[in-house]
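Record features, source Swiss-Prot:
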- 154: active site, proton acceptor (ACT_SITE)
- 9-33: NADP(+) binding site (BINDING)
- 141: substrate binding site (BINDING)
């Protein structure tokens, strides 16, 4: 199998893991449809890809809106005739103790981290079912595997992603739709996630952790590329990825 000429949608593509994955997949010959809310950043990434003889387009997308997700898939099909894979990567991590009662941030995490993934699945599933193939990749987190103080709501949203993706894999196998799923559980990866934390004590603790252990997002990009490059009859459905030096 090869990544070359595969049509791949990436959400949360304007920075961090999404950006790193876009650049790597473009280098390997994929045709990309990049999605995020920050259009100016998407424009620069697409310019970089095209300057290196790659192929990519972009669309301003709010993953919390069903119509934005549907239009994203429609754009990919209109431009390239199909969708082979979608990387549901958009997410936020405004961690805080439950006692801080940051209810607005709780809702934002639920909307982006859970509903955003559901909206992406709903948008692409009809095409994947019709063509009896497709690859759905989602960014969860080690927080979806291991609880820690300050990460209650974030961890809950990432556990939800884990469950959604596993059930999707099981149902696809039962229904014979040949849809593969991959769930990635990153640990300390140096992205913009920490910028979403408003609780000072939590922000200081997480910043210290990431400064000590954090690795670059291209490490996750290589995992995404590896998964997409597998034969159609192989589903490598889970990856936990973190710094060698990080104890958890």
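Glycine is no exception: its Cβ is also placed from the backbone N, Cα and C atoms.
Known features from Swiss-Prot, placed on the structure.
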residue : record                       : Cβ within 10 Å
9       : NADP(+) binding site         : 27
13      : NADP(+) binding site         : 31
17      : NADP(+) binding site         : 27
21      : NADP(+) binding site         : 30
25      : NADP(+) binding site         : 27
29      : NADP(+) binding site         : 14
33      : NADP(+) binding site         : 26
141     : substrate binding site       : 26
154     : active site, proton acceptor : 26
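Note: the CA-CA distance between residue 141 (substrate binding site) and residue 21 (NADP(+) binding site) rounds to 17 Å. Under the three-state DSSP scheme, the residue listed as 'substrate binding site' falls in the coil class. For the pair residue 154 (active site, proton acceptor) and residue 13 (NADP(+) binding site), the C-alpha distance works out to 20 angstrom.
DSSP assigns the residue listed as 'active site, proton acceptor' to a helix in the three-state reduction. In the three-state DSSP scheme, residue 29 (NADP(+) binding site) falls into the coil class.
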